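Below is one structure, written out as C-alpha cells, with a few remarks after it.
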C-alpha cells in the first residue's frame, strides 16, 4: 500500500482514538459500574490468591507456585487496561499517543502469551502429579519452577519486543479510530499507511508459536493424563485424580476460547458487527482475570478455607 495523497505531514495522525461501546455513549457512565466491579473483583481476587499462597506454608508447593504466577499475570493484565477503559467510560478520554499505545499493546500481548505459558506449565504440573507421582517432588523442585517461570517470561518478552518498533516505523493517516478501549497490535497495524504484510506474518508466527504450540501441548498432556487415569482400578481414585484438574481445565477454557475468538474476528470476520468485536475484546481481557480467582477459590479447599476464615472473622 502506498501513501498517495495522504502521505503529507498535515494528514498524519499523532495519536489514536480509543472506542467504548458504539451507540451507547450516552450511558457509558452506567456501563462503567459493572466494569469497575469486574476490575475490583479481579484485583482483589488475584491479590487474595497471592497473599494466601505467600502466608500459608502448606501451599508452598509446585501447583500453588504456578497458580501464583497465573494470579500475577492476571493482575498485570487488569492493570494494563484499567486506565484507558475507565478513562473512556468515566470522562470520555479517548485520545492516546502513539508511544503510549505501543507500550500498552506490548504489555497486553506479553502478559497474554505469558499466561498461555503458565497454563502450559500448570498442565505439566498436573501430568507429573498424576502420571509420575513418586517423582513429583524430585522433578518439580523450586529451582526447576523458577527456571520454567523465567523461560516463560523470556519467551513472551522476546517475541513481543519487536512489535512496538515494527509499528513505530509506520506513518499513520486517515481515521485514527480503534475498535477497543485499549490497543492491540492487529488493530493498530491496520491504521498504517504502508505495507503491513511483515507485521501480519510476524503476528501470525507469534500466535502459532505461543498459543498454537501451548494449546497442542496442553491437549497432549491431558491425553496422557486421561490414559493414566483410565488405568486406575478404583473409580473413587479416578474421580479424585480428575478432580485435581478441574480448576486448570476451567482456566484453560476461560483463556483460550475468547482469545481465539477475538483473533478469528480480527483476521477473518470483517463483516462481523462492530459490537461483537467490542464485547469479545472485553471478554478476552476481563473474564479470565475475574473468573480464575473465583474458580480456584471454589475448587481448592485450602484457599477456600482461608478465604472463608478471613470473611467470617
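Each Cβ is built from the backbone N, Cα and C atoms, and glycine gets one as well.
Remember, predicted model here, so these are calculated numbers, not experimental data.
TrEMBL annotations:
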TRANSMEM  27-53  transmembrane segment
DOMAIN    45-296  domain 'G-protein coupled receptors family 1 profile'
TRANSMEM  65-90  transmembrane segment
TRANSMEM  102-124  transmembrane segment
TRANSMEM  136-161  transmembrane segment
TRANSMEM  201-225  transmembrane segment
TRANSMEM  246-269  transmembrane segment
TRANSMEM  275-296  transmembrane segment
Which stretch from 65-90, 201-225, 246-269, 275-296 shares the most C-beta pairs under 8 Å with the transmembrane segment (27-53)?
65-90
Do any residues of this chain, six or more beyond the ends of the transmembrane segment (102-124), have a C-beta under 8 angstroms from a C-beta of it, and if so which?
63, 66-67, 69-70, 73-74, 76-77, 80-81, 84, 96, 148-149, 151-153, 155-157, 159-161, 163-164, 167-168, 182-185, 188, 206, 210-211, 214-215, 217-218, 221-222, 248, 251-252, 255-256, 259, 285, 288
Intrachain residues whose Cβ lies under 8 Å of the transmembrane segment (65-90), provided they are six or more past its termini:
18-20, 28-29, 31-32, 35-36, 39, 42-43, 46-47, 49-50, 53-54, 96, 104, 107-108, 111-112, 114-115, 118-119, 121-122, 125, 142, 145, 149, 152, 181-183, 251, 285-286, 288-289, 292-293, 296
